[in-house]
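Visitor: This is the structure I have questions about; it appears just below.
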C-alpha cells in the first residue's frame, strides 16, 4: 500500500487537488510539504493532532515536512469555519504563543533524519518585513475580488460581515505557500478540511506567478464524534497537548472514554498501529466490547505519543488506583493529577478528628450526618474504609505529608491539602 492509499485507508484524505498527479509525485520523488498552525492560544490541542501526525506519517515515508507557525497570520485571524470576527491578539501575546507552539511541534517530528530532516518555520519572518505596496503589487494583483468572494470562508460571512483584515487572510496564506515553494521547493500543502479555500488560493498564486502547476493540496477531514458533540471538548473544557493545561491522566481518560462507534476511526487517525493490528482490535470490539481493548490501545498509544512512556505509566497507575480504591500507593504528583478537579479543602493545623474534618471540609453537612456516614461504612480515607466515629487523622494519614484523599460513598472524592 503506497502512502496515499494508506492515508485513504485511515480516512485521512478529505480532498486532493489532483489525486493521480499527487500519487505519482509521492511515489517517484522525495516531496517537501508543509502544514500551518496559527497560534490562537498558548498550546495546541487535540483538534490539531490529526494534521501533526499526518506530517509525521509523510516523514516516516521518506518525505520532508515543514511545520509552519503562523506568527504573522495569527495576528490577522483565519475566518475559515468561524461565524464571527476573531478578537485580535496583541503582538507580544502571539509571539509568546508562537514560541510555545514551536516547542510542542518539535516533539512530533525528526529534525536529525538522514536525508529528510523536518523544519519549523515562522511566517512572521517573511510577512513581517513585507510593506503594503509590495504586498498589493506582488500578491494582491493576482487575486480578483470575485474569486475571493466565491470562497466558502468568505461566503459564510457575507450576512454577518467580514472585515478587510480577515478577508485578506487567504492572500497571506497563499503567499506562505508561494514563499515555501520558492525557498524550500515545497510542492504540497496539507491542512484541515476548512483550509481547502486557502490551500487552493496558494496553488492559484503559484500558477499565476510561476506559470506552472506543479504544486498540490490535500485536506484532512474534520474529526467528528458519533454522538454529535464537538471532538476535543469535554465538560471541563478543551483537551490540550500541554500537560500543564490538560494533565496526562485527563488526556488518557479522554481517549479511554471513546465511544465504541468512534474508536476504530480514531485508531486509524491518531495511532501508528498497522492495518492488521487495528483490524484485530476491531474484531475484538465486535466479539467482546465490554473488554474495551480498542479504547485501551487508543489511550495508551496517543498518550505515549504526546506525553511519553513515563507519563503514560503514571496515567495508568492513577486510573487503576481510582478504580480499585488503592490510593495509598500513589505519589503526591499522581494525586495532584488524578484529583485535580475534585473538591478540595485546606486544613491548617495538626491532628484532627475525622468527624470534625468531614463537616469543616463540606463532605458531610453536620456532625450527626458525619457520624452516620462513618458508622454505615460510607467513608474511606486514602482508600481504606474507616468506621470508627472516634477516629483521629494524624500525620500517618497524610500521603507524602501533603494530602489525604477522602471518599464518601462510591464515587464522591475530596482532597484534603495541608497548609
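Glycine is no exception: its Cβ is also placed from the backbone N, Cα and C atoms.
Swiss-Prot lists these features:
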type	residues	note
BINDING	34, 169, 173	L-tyrosine binding site
BINDING	233	ATP binding site
DOMAIN	352-419	domain 'S4 RNA-binding'
MOTIF	39-48	motif ''HIGH' region'
MOTIF	230-234	motif ''KMSKS' region'
Visitor: About how far apart, in whole Å, are the alpha carbons (Cα) of residue 34 (L-tyrosine binding site) and the residue listed as 'ATP binding site'?
Guide: 27
Visitor: Which one is it: of the binding-site residues 34, 169, 173, 233, which Cβ has the fewest other Cβ atoms within 10 Å in this structure?
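Guide: Lowest Cβ count within 10 Å among the binding-site residues (34, 169, 173, 233) is 233.
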Visitor: Any idea what the Cα distance is from residue 173 (L-tyrosine binding site) over to the residue listed as 'ATP binding site', rounded to a whole Å?
Guide: 27
Visitor: What is the pLDDT of the motif ''KMSKS' region' (230-234) when averaged and given as a whole number?
Guide: 84
Visitor: Could you tell me the C-alpha distance between residue 233 (ATP binding site) and residue 169 (L-tyrosine binding site) in angstrom, no decimals?
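Guide: Cα to Cα, residue 233 (ATP binding site) and residue 169 (L-tyrosine binding site) are separated by 27 Å.
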Visitor: Name the secondary structure element type, per DSSP in three states, that contains residue 169 (L-tyrosine binding site).
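Guide: Once the DSSP labels are grouped into three classes, residue 169 (L-tyrosine binding site) ends up as helix.
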Visitor: In Å, how large is the greatest distance between any two Cα atoms among 34, 169, 173, the listed binders of L-tyrosine?
Guide: 18
